[in-house]
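**Student:** My questions will all concern the structure given below.
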Amino acid sequence: MNILFTSLWTVLLLGRMVRSQQLQRRDILNYLLNSSAYDARIAPDYEKDVATEVDVQLFVTSIDSINAISMTWRDSRLNFSHISNISVLELDQRRIDDVWVPDTYFQNEKSASVHTVTVPNKLFHIYNDGFVIYSIRLSLTLSCIMDLRFFPMDDQTCSIFMESYGYSIENVALKWNPDDPVIFGLDDNDEQTLPQFYFYKPLETKGCSTVNSFNTEFSCLEAKLFFQRNLGFYMSQVFIPSMMIVILSWISFWIHVDAVPARVSLGVICVLTMTTQSSGIRSSLPVVSYIKAIDIWMAVGLLFVFAALLEYAYINVQTRKHRKQTKDNEKDKKSMQIMEPQTKTDFMDRARRVDRLSRVVFPICYAVFNLVFWVVYLSK
């Protein structure tokens, strides 16, 4: 009885369509999505034993956020060109569940959210030849294995992986949009903008396939992003300030050897500042088992600052020896006149010579380190 009623309703609807040149879109949707003729639980070409080809296009607004994903395919069951001259049907998001859509997912996704303000942000268009466009807005945080040995002068290669979760490659074949597979958000100057990186070569897209533990092959897509870190922030916030701190520690070489509070305070402040800056940088980076370029820079800077402090410790020892020698000379003044003259070390002169030598050696060594550091890491 239900089958007879459904068939009778379909015949009446078709008769109405034939009599009318301007059909209502509601009637077309009811005809297309009739449960007796359309099953949203199976792929369009499932009964034909042919894989449904799904074109995929991504719109990326930032390095960790995919703003929209669009997929297109052809479903012959949704062809309505023979019953209406309407070119496209725009479905409400509440009716999308009545139509088959690909079950794509991101393999390297860490977290994701679908935009639902004010309603779920989904677009679904059906063209009169059965061509379907499905688009959805979402934000993704994707995982990427990075090599930070050259940080922050590093370049990275990260991939976006998409795959059909439930349909094997025999039923759903994913492929990139041939015109614009991945579109990046543009600013007013039509330049690709990223918070910390810039692309140093065009992205690469390719198709792939994976095999799960059940020995079933699935269709997948991969997009490789090649980007390099912007060095401007680290130059202004890390490299230049640390260089200024190292240079500041050399001022103690020009301060008089008797100015103990000034030289000690300057050395201690420089050491503490370098230690604090190094700790702040490490706290914003993941813990890795190898040494990064920024670690070498900060360690050598701290070494120079600490060496300047040790230099004054040596100067202070020589100064105390000079004072002790002076006191001993005063006590033995009479005996010194009787005894033969003895050669004694001029500790004050030694201290001054060390200061004068440090004024030249420290800058030269730091300049050599800078030359080697930047040549090695910028020409990698």
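The backbone N, Cα and C atoms fix where each Cβ goes, glycine too.
TrEMBL entries are annotated by machine, without manual review.
Per TrEMBL, the feature signal peptide maps to 1-20. Annotated domain 'Neurotransmitter-gated ion-channel ligand-binding' per TrEMBL: 27-225, in sequence order. Per TrEMBL, the feature transmembrane segment maps to 231-253, 260-276, 296-315, 360-379. Under the heading domain 'Neurotransmitter-gated ion-channel transmembrane', TrEMBL lists 239-339.
Could you give the neighbours, burial and distances for every feature on this list?
**Tutor:** Remote same-chain residues near the transmembrane segment (231-253) are listed as 152-153, 196, 262-263, 266-267, 270, 273-274, 277, 281, 294, 297-298, 301, 304-305, 308-309, 311-312, 355, 358-359, 362-363, 366, 370 (criterion: CB distance under 8 Å, separation of at least six residues from the stretch ends).
Across the domain 'Neurotransmitter-gated ion-channel transmembrane' (239-339), DSSP classifies residues as 85 helix, 0 strand, 16 coil.
Residues 242, 245-246, 248-249, 251-252, 298, 301-302, 305-306, 308-309, 312, 315-316 of the same chain sit 6 or more residues outside the transmembrane segment (260-276) yet have a Cβ under 8 Å from a Cβ within it.
Here the transmembrane segment (296-315) has long-range neighbours at 238-239, 242-243, 245-246, 249-250, 252-253, 257, 263-264, 267-268, 270-271, 274-275, 277-278, 281, 351, 354-355, 358, 362, 365-366, 369, 373, meaning same-chain residues at least 6 beyond its ends whose C-beta is under 8 angstroms from one of its own.
For the transmembrane segment (360-379), same-chain residues at least 6 beyond its ends with a Cβ under 8 Å from one of its own Cβ atoms are 150, 153, 243, 246, 250, 253, 293, 296-297, 300, 304, 307-308.
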**Student:** If you average per-residue pLDDT over the domain 'Neurotransmitter-gated ion-channel ligand-binding' (27-225), what number do you get?
**Tutor:** 86
